[in-house]
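S.K.: Here it is: the structure, laid out below.
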Amino acid sequence: MALMKTKFNLKRRVKLAQGLWLMNWCCVLAGIALFSMGVFLKIELRKRSEVMDNDESHFVPNSLILMGSLACALNAFPGKICYDSLDPTKFPRWKPMLKPYLIICLIFNIFIFFTGVVCFLTRGSLESTLAHGLKNGMRYYKDTDIPGRCFLKKTIDLLQIEFKCCGNNGFRDWFELQWVSNRYLGGRSKEVKDRIQSNVDGKYLIDGVPFSCCNPSSPRPCIQLQVTNNSAHYSYDHQTEELNLWSKGCKEALLNYYTSMMSSMGGMVFLVWIMEMAVMIGLRFLHTCLETIANPEDPECESEGWILEKSLKDTIKSSWELVKSMGKLNKVETAGGEEAGVATVS
């Protein structure tokens with residue numbers, strides 16, 4: 001028994017064709033929106049590529065750009081089919097193309113669903129990418145005179161100011177690395193020499209942070225050096241007092257920014273997926289109800305439309321049998337080829 005068999009008269013067929021035509025062009029606009037979102041996300045990721053460890057994070061924007069382009073191309077084509085389906089003289093030329101087109105639509109809908117899922121599941125890989133990228137960026141913060149790294153100081157400073165964050169996980173990350181270049185330390189100073197010699201790796205480590213970690217909303221002048229030294233500042237206790245530094249780490253700030261953006265885009269992708277599924281089902285109904293018209297010369301006559309010619313269970317069973325028969329045929333051909341090869345050698 002056919003799945004979701006429905007009777008169609010001329011009026012219902014016309015309404016179905018007109019509704020599908022409108023939905024197809026809505027899907028084209030949705031495809032443009034997907035493409036635009038992919039381009040925007042790619043630009044946002046490229047802006048901060050210096051603090052990202054690899055290019056894996058570009059899978060989502062690339063997928064959105066591809067899905068948007070395909071949505072525009074695939075939905076412009078059935079718009080013409082729906083328009084011509086109302087004319088009995090024009091529709092027959094589209095008949096051979098409809099089944100292959102519906103198969104392509106099914107594959108496209110699977111991929112667009114997968115893209116939507118990835119938008120929501122990308123947080124884990126993005127977190128790892130940002131953690132490693134920010135760590136490397138902070139390590140090279142001091143290298144303002146080394147080609148290829150001289151821009152990182154500006155990048156990190158602008159990042160911390162824009163996202164109101166400090167360090168990777170927090171401001172204490174700056175205490176664990178040398179962020180002041182040796183050329184600005186004054187190597188002859190006894191204090192500098194003692195601090196470098198006291199470190200196993202020979203680095204100049206201080207309990208200080210770059211200026212970009214300072215919170216301008218604080219009423220107190222920024223304490224960016226000797227942050228943990230209470231005696232160095234008047235009426236100050238770093239353990240009880242709210243510091244005038246950003247407390248949030250940049251990894252958390254960037255992660256929240258990108259994941260909220262990708263979640264919104266994921267919602268949009270699923271909305272487009274629902275629209276595409278509706279169009280595909282509608283096209284299947286249109287295809288079958290036009291094929292089952294008893295008398296093509298009488299457009300007023302009733303016809304039947306369905307999604308699957310058999311029940312879902314029977315369709316899956318017959319599809320599995322087809323796959324198995326194709327597998328057996330492939331084995332027979334392989335065996336025949338091997339026998340022919342042996343005969344040639346002998």
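Every residue number used here counts from 1 along the chain in the order it is shown.
Cβ atoms here come from the backbone N, Cα and C positions, even for glycine.
What Swiss-Prot shows for this protein is this:
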- Asn229: N-linked glycosylation site (CARBOHYD)
- 1-24: topological domain 'Cytoplasmic' (TOPO_DOM)
- 44-61: topological domain 'Lumenal' (TOPO_DOM)
- 81-99: topological domain 'Cytoplasmic' (TOPO_DOM)
- 124-264: topological domain 'Lumenal' (TOPO_DOM)
- 291-346: topological domain 'Cytoplasmic' (TOPO_DOM)
- 25-43: transmembrane segment (TRANSMEM)
- 62-80: transmembrane segment (TRANSMEM)
- 100-123: transmembrane segment (TRANSMEM)
- 265-290: transmembrane segment (TRANSMEM)
S.K.: Restricting to the same chain and to residues at least six past its boundaries, which positions have a Cβ under 8 Å from a Cβ of the transmembrane segment (265-290)?
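M.R.: Answer is 6, 8, 13, 16-17, 19-20, 23-24, 26-27, 30-31, 33-34, 37, 41, 60, 64, 67, 71, 75, 78, 81-82, 85, 91, 98-99, 101-102, 105-106, 108-109, 112-113, 115-120, 303-307, 309.
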S.K.: Same chain only, sequence gap of 6 or more: which residues have a CB within under 8 Å of the CB of Asn229 (N-linked glycosylation site)?
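M.R.: When sequence neighbours closer than 6 are ignored, Asn229 (N-linked glycosylation site) has Asp207, His238 within Cβ distance under 8 Å.
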S.K.: What three-state secondary structure does DSSP assign to the residue listed as 'N-linked glycosylation site'?
M.R.: coil
S.K.: Mean pLDDT across the topological domain 'Cytoplasmic' (81-99), rounded to an integer, is what?
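M.R.: Within the topological domain 'Cytoplasmic' (81-99), the model's average pLDDT equals 72.
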